[in-house]
Structure formats: structure tokens, C-alpha cells
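Accompanying notes for the structure given below.
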Amino acid sequence: MSEITTLQPSLLWKWFDQICAIPHPSHYEDTLANFIVNWAKEKHFFVERDEVGNVLIRKPATKGMENHTPVVLQAHLDMVPQANEGNPHDFTKDPIQPYIDGEWVKARGTTLGSDNGIGLASTLAVLESNDLAHPPLEVLLTMTEETGMDGAKGLRHNWLQSEILINTDTEEIGEIYIGCAGGINANFEIPVQYETNTFEHSAQITLKGLRGGHSGGDIHTGRANAIKVLARVLAKLSQNQPHFALSEIRGGSIRNAIPREAAAVLAFNGDVKTIESAVENLAVVLKEELAIAEPNFTLFVESAEKAPTVFTAQSTQTVINALNVLPNGVIRNSDVVKNVVESSLSVGVLKTEGNVVKSTILVRSLIESGKYYVTEMLSSLAILANAKVEFSAPYPGWQPVNDSTILDVTRKHYAEVLGEQPVVKVIHAGLECGLLKEHYPNIEMISVGPTIRNAHSPDEKVEIATVQTYWDLLTRVLADIPAK
């Protein structure tokens, strides 16, 4: 056990510590799911897994609440695996190492997994508790949310018995989410041709130290995208420096996180100091430009092993130009929902694989037409760059409903717990609620949770005091669910 088990509420933190001890990155959450299933069987709860691996647990109502409206608490089982450069952490084998840092819980050198591990822990703590009042209760734990919402998409029909769903994936205390953006993946592939490397020198340009973050929730903050900044650097170098050729370009590691690092390996003739000086000058400009948003930004040149082949001159320029004009970030703010992004995209991963440079992009929008406007932009660019773009794994947004029983009850108890009215809002991030609503169109839904910062990055942290507030809210709401 780690030191976080000394925190309150103790049952929730005990469960989160256990969750951290069992590796559960996306696509590797079966061990955690099976652990929970076996625990539920030992407690003699109804427990079942569906065809895609989702877990459903049922607990009878406490005495006197048997005829109250049944509720399902929902969380996802997987976490985003991100580690600091040089950290050998294997997310499929190594436990997360949480620790207390003042008012926050963090992890040592990796993502913490408080998204959605705290929510998951809260559902299990409710199940284990013997002194909480609640109606007939279900807990739904979904698979592989972070890389495509596979569990929510494949959820068994007519499985849930509840009429109210509380999603636990919100990352701001004092807020109730009632709607979210939909999304679609885009794979953008630029074909490249190679030639024998006859250049004298090779070097790697590396960009690192960016903050990264959630590609939906943080897309409006002005944080730099490492892939886009690197493309800008290469475009500037190609204008002013002697001819060079790329042999590799890469950046980012996961589609739904803003890339923190990127690098390009290039070959060139002439004085090495010419490239070094040019990059140093660009670094000065960029550091000044990004001083507030990215205080730890670094850009540097280092020697690299000579590759046997390099991109042709035409392929080098095509890759640089296509990446430099590839849209990224906020496309449009919502006219309907104040201070919320309507449509965006984030270039999440860049790889050189054989004869293509491949970019993985996540498009988000509150409205379907906005989502497909962005995909049309990418299709047009693909034509201009002689590239190929394919779209996959679309998921719907969650359309807000401003009047529901669960919203009224949650507002009431949030005001009591906080001493002020909560903020009811729609977010520019993907929650599973839109997909769950397709399976169960008549179910009422809200989403709540504690304050989490820098999700999807190794700087992720959860605010300790807000976990207690979230727990107080959740338990009060469950005790006040009305009769049918």
C-alpha cells in the first residue's frame, strides 16, 4: 500500500491505490477487470461481462429504498499510458506509483490514471460500503474508452436496468456535465520516395519539454503541439539553409494527447554549425513566443547516425509543407454554448513507416456537421499533397438535456456541499455518454467528478480535497434519488 491510503475518504483511496497497483493501459485492462469480477463474486453481487468485456455489477437497494429509481454508476477501466522521456516504465507490467505532493496526488514519471481511476474507485467504494443509503444500484465499467470507446460502442443491449446514469469522468469539481463533443479518427498518410544518402552529415533536431495535455479539454489553452512546431522549424530551415533531406520524422505517442515531443533526422552538406546556429536562432524566437504557454520548451540539434537512404528532395518538401499546413487546434467556437469550443482537431502522433509518413489525428465537434467539415478539410489537403486520408471510429456527441430528475437532485446537493451553485455545462471532450445514450435513449444522464489537471500527460494530478467533495456529493445524491 502507498501513502495515499491515509487520505479520506479512506475506502475510495484504498480502491484507487489497488487500481494503481494493477497495470491497465488501454487494451490491457483485462487483469483489472478480472480482479474486480472476482472481488464482486466474493461479495456475492450479481456480476457479468458482456461480449466486449464490459463489467456489470448489481447491488440491491438499502432498506427503505427498494422502490426508488434504480441508478447506474459508470466509469471506464483503462488509462492513458504516457511517461516522461527516458522513463523505462512498462505500462503493461509495472504498477503506477502514486504519491502525495501537497494538495495533490501525482504519479512518479507517468500518467496517474486518475482519469478515470478516481471515478472507478468511487463506484467500487459505493459497492463495498455498508453504511450508504442508495436505490437499486448498478455499476458499469467499460473497456478501452481512451482509444476508441470500444466498450461503450459494443455495450450489450437491454443489459442495464437503471433509469438514471451517473458518469464519473468529469475533471472539475463544482461542474455538472450534461453534454459533450463527438469525434472521429483520421489517419493521414504522405507517401515518400527514398534515394541513397550521399550527404556528408546527419543530425537530429529535437523538440521537447512541452506541457501536452488532453487534446479536447486543453485544446483551447494555447499549448503548443510538438509536431506542428517541428514542422514550422523545418519549413523555416528549408527556406534559408542549404539543401537537406529528411530520413525520419516522428512525434507524439497517443491520438488523444497533445504531443509534448517531436524529432526529425536530416542529412546535409556543408558546415554543421550553420544548421546548429539556425536552430538556435529559431529556438530563441519560439521560446519568447511560447514563454507563457510553454515555459519548459527546448529545441536543439544533436549528431545522428547516418542513414543509408533519405527522402528525395521532392518528398522532403512535400512532407514539410503538408505538415506545416495541416490544420490543428480550435477550428470554431460554439454559437450555442458560451465559452465552449465547437470543432477542433489535434495532430496526435507522427511516424515514419516504410514509404509513408503517417499522422494520427483526432477530430472533435459538438455538432455532426462541424465534425465532417473538418474531415473535408483533411480530404482536400490530402488531394493537394498527393496523400491518403482514412477516417475511422466515429462516435456521437452527447446532446444536452437541461431538465431532468438527476440534474435537479445533483444541483441541490452540490449547492449544499459547495455553498454555491454548480456550473452546468457542455464540454469539448469525448465522454461515453453519447454512445451509451444510443443504446439506452430514455436514460437520464449527468457526469461529475473531482478536479484533475493535465490528464493524458505525466503531469497529471488530482486535487485531494476535491475527491472528498466529490464523494460527499455522490453519496448524498444516491441517498436522495426519488421513488419511482
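Positions of Cβ are set from backbone N, Cα and C atoms, glycine also.
Keep in mind that this is a model prediction, so the values were computed, not measured.
The candidate list ASP17, ASP30, ASP150, ASP169 contains one residue that Swiss-Prot assigns to the Zn(2+) 2 site with HIS76, ASP115, namely ASP169. Take the Cα of HIS76 (Zn(2+) 2 binding site) and measure to each of the recorded positions GLU145, GLU146, HIS456: the nearest one is GLU145. A C-beta separation below 8 Å, combined with a sequence spacing of at least six in one chain, links ASP169 (Zn(2+) 2 binding site) to ALA75, HIS76, ASP115, ASN116, GLY119, GLU145, LEU431, GLU432, SER447, GLY449. Sequence-distant neighbours of HIS456 (Zn(2+) 1 binding site) (same chain, 6+ apart, CB under 8 A from its CB) are VAL80, GLN82, THR111, ASP115, GLY212, GLY213, HIS214, SER215, ILE254, ASN256, ALA257, ILE258.
DSSP assigns HIS76 (Zn(2+) 2 binding site) to a strand. Excluding ASP115, GLU146, HIS456, which define the Zn(2+) 1 site, the same chain contributes MET79, VAL80, THR111, ASN116, HIS214, ASN256, ALA257, ALA455 within 8 Å (Cβ to the Cβ centroid), listed in sequence order. Calculated from their C-alpha atoms, the gap between ASP78 (active site) and GLU146 (Zn(2+) 1 binding site) amounts to 7 Å.
The number of other Cβ atoms within 10 Å of the Cβ belonging to HIS76 (Zn(2+) 2 binding site), over all protein chains shown, comes to 29.
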